[in-house]
């Protein structure tokens, strides 16, 4: 489901304008939806279609061509080719210009078409998912794309909700269901949802069509945490009206975790909450392409200057403006289209290498235009749930103050529980009283038992029994069959705690609204009556329950919560704060468990005050909290529990490697602040010697100003901030906040909405100018992935983290490409001599294979790059394509061009008529030697490419008699003189390379020996 969720909810909003026009809609309006009657609609609604394609059938070709030619690099070649249709400007055959351009465009169109087809197939898979729809004729199957507003849809357990719906009925006996919302909001906790009371009371689901009822809903909006609406049944006397809130909703993209539910569809298509929380996608272009585009403009400027100089030397005689254009065309090879060809082919090959990487099996490259971006990442923004963590909670520690039990000593806890329930009356009869050892043993057993019982009772977990093929559901529920039981709860932490109590002997076997049953190691059933439940809230950070033991009549108030609030509730002790700190540093989620025994009169007094407070009209929540707090005093501290959210494989070494490589990691999650902080520590996103500054919750400009000033005074400190505080800071102090945040070694943003994640990515790009990479696994991460320069989507539950920015991924298409480009720059003087196939041959078969084979080159081995991630910092500087590097290659090109030209004049003075053969052969040989000079690590395919290119040139001489005299080339005099020219053009560069590596070696060269 995770992978589908990622693909399914990628942005529909870039089509909003078109759809609004098609649907005849303007501003969103509130709506009245009649149950089971989609035809009774007061406005037109969008189709429930997922569409992630950039283009349709009609816009594909114009769209692809526009995206290609909006950049100067490509537009230059288009204008160049079009100019050849004008007779006064034609310099040679049309195919010499149009064939290379056509090849580049064909590669681009085919690549885009393949990606569009893949996208269409993925969309079709999601749109074709089948659901059951209630109609007057019974239940019929319907595709997700055909679901309409007003339809009554049945969603089975573990099935994705296809549209935004109001929850009408459930098959669960307790009249509620749980939803998994991690694809929508990133939170790991399951959400409890309640059906409309009026429809839940109906005998069957089919009766929903027999009543006359409707839902009045607010206009579609972006808020996934709130909803306002009413449900009205008109055919009852008097008419029934119920208010609807977020508890009655089933948002699209969530997954039903318990039972079968029936809902009425409210919103579809672009009006879905998940779609409205997804930002518009942008067309991504690599930084390398932008740098090449910039350098192309510089070269074109040089081209214009040289053309003006040439015309000036002729004193602007005649139709000088036409002469300028002809010179521009003559010198056009200064910007060779072969660079674009090799760039595109290199990216395709590198994308193929990523897909075939055995260390990261199953990798799919969705965009083959930006793979080199992985070599320039400065900020990595990652989701938490399912990306850094597996979302599988494991109970790791029970601490009683004087003794702690870890995973390796849980058998001792089990023996204590066993002794309490099975050996209470087995004292030796000869002893008149228990020995000291026995007393200590019993005291410890009693303490462990009280702690385990408190953990087994203080929660909101419900055991559910399912048929396993051998035992049916009813029989399993009656017999408390272990193999058929699964636990359901709003939080995976709760489930982990209850599963642990089961492992040590105290099993939760039954629960409803008013009672709970535990089974002891001796198969005795303990019955408890639930008197009150105080659920966990983000503000209170604790939950409590009051139960009555049916066997003894004792009333006990149990409570568990975060140490920051529980420290003031429990009796004084000298170990709570220290041990909580120790467990938190290990990355464990710590809960403090306490109890308080209540007398019957004490409870009756509390209940009367509690009911009175709940009936208050004014300040109800405050009065209720005050009554509860009257019980929360001097509670007995029982234990601390430590639960760990298991990390994905190799997360810790990966984050450390990224840190050493100079990449800053930010964690953006929809989860709670405490959970996010624990994960940051556990994953070593925050190192042990770093302080953490938890940004206080701020609601206005003044509070934000004070908190920013407090944060400014801290140094080398990781930042933890909630989405609400972040919104206030960005509203009033965007520049100051981003400046401080970018200086932090790590940043954790919790309770983040999907659009907030995208906003953070965008601000990082704008404020720093650095490349960002986003990693996520859910629908709530799509906006962030789309907004980043390079996005990584994770499919499946368990991933293996890897250090993806391979060092040589960027260098494959930098100065190695420029060898082919600038060695012919000085050749503007001879370009008119190269006509027809010579021009095409130089750009393709004579030089393309060696240059293209450089994608296999590595300055260091992959193992060395992984071992020394600091080498990655060199790539962040962008030196391989800096202006300095560019200038150096221009100078090299001028030197080689002039050497070949003047060498030909000196050595072939009497045979100058063969200048084409002389210069072109020297140029080809120089090019092949320059490629060899550039190579760091030889691969057998590089050798083959060099020899194959040379062989192609020699073989083609038979067909090039129109341009080159074959008999002249075959003379010994020609061969040694061309060899001398080639040697003079290349040998000094070899010497300079040797001297540089000898006296000023690059950082990586010390590691290659």
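Using the three backbone atoms N, Cα and C, a Cβ is placed for every residue, glycine included.
No curator has checked TrEMBL annotations; they are predicted automatically.
Of the candidate ranges 265-289, 290-314, 315-339, TrEMBL annotates residues 290-314 with the feature transmembrane segment.
As annotated in TrEMBL, transmembrane segment covers the listed stretch 836-856 rather than the other ranges in 815-835, 836-856.
Within the group of binding-site residues (383, 777, 781), the Cβ with the highest number of other Cβ atoms inside 10 Å belongs to 781. Its Cβ taken as reference, residue 385 (Mg(2+) binding site) is surrounded by 27 other Cβ atoms within 10 Å in the chains shown. Counting same-chain residues at least six beyond the ends of the transmembrane segment (290-314), those with a Cβ under 8 angstroms from any Cβ of the stretch are 71-73, 76, 320, 323-324, 327-328, 331-332, 334-335, 339, 343, 828, 878, 881, 886.
Residues of the domain 'P-type ATPase A' (133-271) grouped by DSSP class, helix first, strand second and coil last, total 22 helix, 54 strand, 63 coil.
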